[in-house]
Amino acid sequence: MLELQRLTKTYATGDTALREVSLAVPRGQVVGLIGPSGAGKSTLIRCINRLVAPSGGRILLGDVDLAAVGRAELRRQRRRIGMIFQEYALVERLTVMENVLSGRLGYVPFWRSFTRRFPGRDIENAYRLLDRVGLLAHADKRADALSGGQRQRVGIARALAQEPALLLVDEPTASLDPKTSRQIMRLILEVCEERDLPAIVNIHDVPLAQQFMHRLVGLHAGEVVFDGAPVALDETVLATIYGAEDWASSGREPAPEREPEDTERHLAEVGR
């Protein structure tokens, strides 16, 4: 279970991105984060995995407060957090199988990770995961030969290879067509239910969020202004969340809120 208690983020400029955000995500529940540009959705995800240090509050993953741990313990805890990225974050020249196995880098000795010699158990599990996401036949294909939807499936398998206690998903369908977007969202929902995983999904597509999320949390100016079932998301609630912004065409968070090296930083920390 993930629990956020009065999580706050204020930057050195004085700008407050998150204002005492409190919410709990039980095991097996998939929560969608919605809101206008600059609402704090990406900042919230970056605070949870500590790519950004929160200014206050607690981040409880099980009985561990991620906001309070030191660097060494944080590296260990990041193994428990699976990340699925909009940009896929695959190593293009490596095979699909090698990319999935990279999710195990934080669990093997340095010499094994350097030579990419993984235990048999990890390899067998990677094959099972590729079968689950529908890519078993592509195990030996290079990542750069895959379609966008296939690359995202590899990203899902890699995150699951970590055997995480939490999934953080950052706009997984922003680069995909509508049909593939539905397939990816359905897959994320299914694997979380199968593994009893809590998940938070930053999603800009409101109708897609209403269709697939167990629960929706609406952010506006860094505050939670809605927390409830998708069926409760009516025009009045949407106006509260989005204000004057057209929610039907709401785009991604602005560039300043997501640093370009975030993906590499997370994967590097997991692999240490």
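Along the chain as shown, residues are numbered 1 onward.
Using N, Cα and C of the backbone, Cβ positions are placed for all residues, glycine too.
Listed in Swiss-Prot:
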- 2-246: domain 'ABC transporter' (DOMAIN)
- GLY35, PRO36, SER37, GLY38, ALA39, GLY40, LYS41, SER42: ATP binding site (BINDING)
- 248-272: region 'Disordered' (REGION)
- 254-272: compositional bias 'Basic and acidic residues' (COMPBIAS)
Name the residue among the binding-site residues GLY35, PRO36, GLY38, GLY40 whose Cβ has the smallest number of other Cβ atoms within 10 Å.
GLY38
At a 10 Å cut-off from the C-beta of ALA39 (ATP binding site), count the other C-beta atoms across all protein chains.
27
